[in-house]
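Visitor: First, the structure itself, so that you have it in front of you.
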Amino acid sequence: MKGDHFLISTLAILAFATFLASAYDPSPLQDFCVAVKDIKSGVFVNGKFCKDPKLANANDFFFSGLQNPRNTQNPVGSNVTAVNVDNLAGLNTLGISLARVDFAPNGLNPPHTHPRATEILVVLEGTLYVGFVTSNGDGNRLFTKVLNKGDVFVFPIGLIHFQLNVGHVNAVAFAGLSSQNPGVITIANAVFGSKPPINPDVLTKAFQVDNKVVDYLQKQFWYDNN
């Protein structure tokens with residue numbers, strides 16, 4: 001009898017553990033989604049509203065034009081063409097998106113992070129110096145690699161990373177991302193180009209620099225290559 005009670009208790013614990021393992025909040029598909037009490041005043045959902053499947057057609061799953069080079073004549077010398085749920089509706093709920101990245105010689109895709117996605121990058125043309133920095137708990141270690149045509153590199157979700165064209169010709173890469181809306185936070189733009197600006201006292205203390213340096217950086221135009 002005691003053995004039966006033990007078996008029943010063990011099965012109950014395992015069942016409860018399984019329930020806990022499967023009961024979790026879904027990953028956010030946008031920066032935030034503020035709750036409302038009146039659903040009539042609600043606008044956004046975690047993702048996009050779905051079309052009636054019977055009304056879907058092939059164009060909902062189609063995007064054209066990624067074969068065309070993008071203009072890289074800008075301050076950072078790069079241009080990102082994203083294909084996500086905002087311009088390819090069929091990606092909704094599928095957890096994947098794509099981007100083409102064009103680089104001028106010495107062009108940079110500045111340090112940035114994707115809060116909702118891991119990125120896998122393949123170089124189609126040129127030579128890129130790429131890398132990412134781990135979290136504080138891991139000691140902010142830097143992982144870098146020089147990639148040539150056909151090489152692949154992975155940037156783990158949420159970590160700051162970058163790509164620099166170290167060749168003397170244009171470079172092109174394609175990136176796959178594990179979210180329909182991965183988001184992008186370019187570090188310099190967010191820290192020094194926020195609207196309204198972050199209190200200079202915060203940045204002076206954080207970066208351990210003179211307030212004149214912070215004032216200068218906040219007055220710059222921080223280009224968004226996305």
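Placement of Cβ uses the backbone N, Cα and C atoms for every residue, glycine included.
Heads up, TrEMBL stuff is auto-annotated, nobody curated it.
Sharing the feature lines straight out of TrEMBL:
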SIGNAL    1-23  signal peptide
DISULFID  Cys33-Cys50  disulfide bond
DOMAIN    64-215  domain 'Cupin type-1'
BINDING   His112, His114, Glu119, His161  Mn(2+) binding site
Visitor: Round to a whole number and give the Cα-to-Cα distance in Å for the pair Glu119 (Mn(2+) binding site) and Cys50 (disulfide bond).
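Guide: Computed Cα spacing between Glu119 (Mn(2+) binding site) and Cys50 (disulfide bond) is 26 Å.
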Visitor: If you draw a 10 Å sphere on the Cβ of Glu119 (Mn(2+) binding site), how many other Cβ atoms land inside?
Guide: 23
Visitor: Identify all same-chain residues not among His112, His114, Glu119, His161 whose C-beta atom falls within 8 angstroms of the centroid of the Mn(2+) site's C-beta atoms; report them in sequence order.
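Guide: Those within range, site residues removed, are Thr113, Ala117, Phe132, Phe155, Leu159, Ile160, Pro182, Val184.
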Visitor: Limited to the domain 'Cupin type-1' (64-215), I'd like the whole-number average of pLDDT.
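Guide: The answer is 96, the mean pLDDT of the model over that range.
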Visitor: Write down the Cα-Cα distance for Cys50 (disulfide bond) and His161 (Mn(2+) binding site), rounded and given in Å.
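Guide: Just about 33 Å between their Cα atoms.
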Visitor: If I take the alpha carbons of His112 (Mn(2+) binding site) and Cys50 (disulfide bond), what is the distance between them in whole Å?
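Guide: About 30 Å separate the Cα atoms of these two residues.
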Visitor: How many other Cβ atoms are found within 10 Å of the Cβ atom of Cys50 (disulfide bond), counting all protein chains shown?
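Guide: 11, counting other Cβ atoms within 10 Å of Cys50 (disulfide bond).
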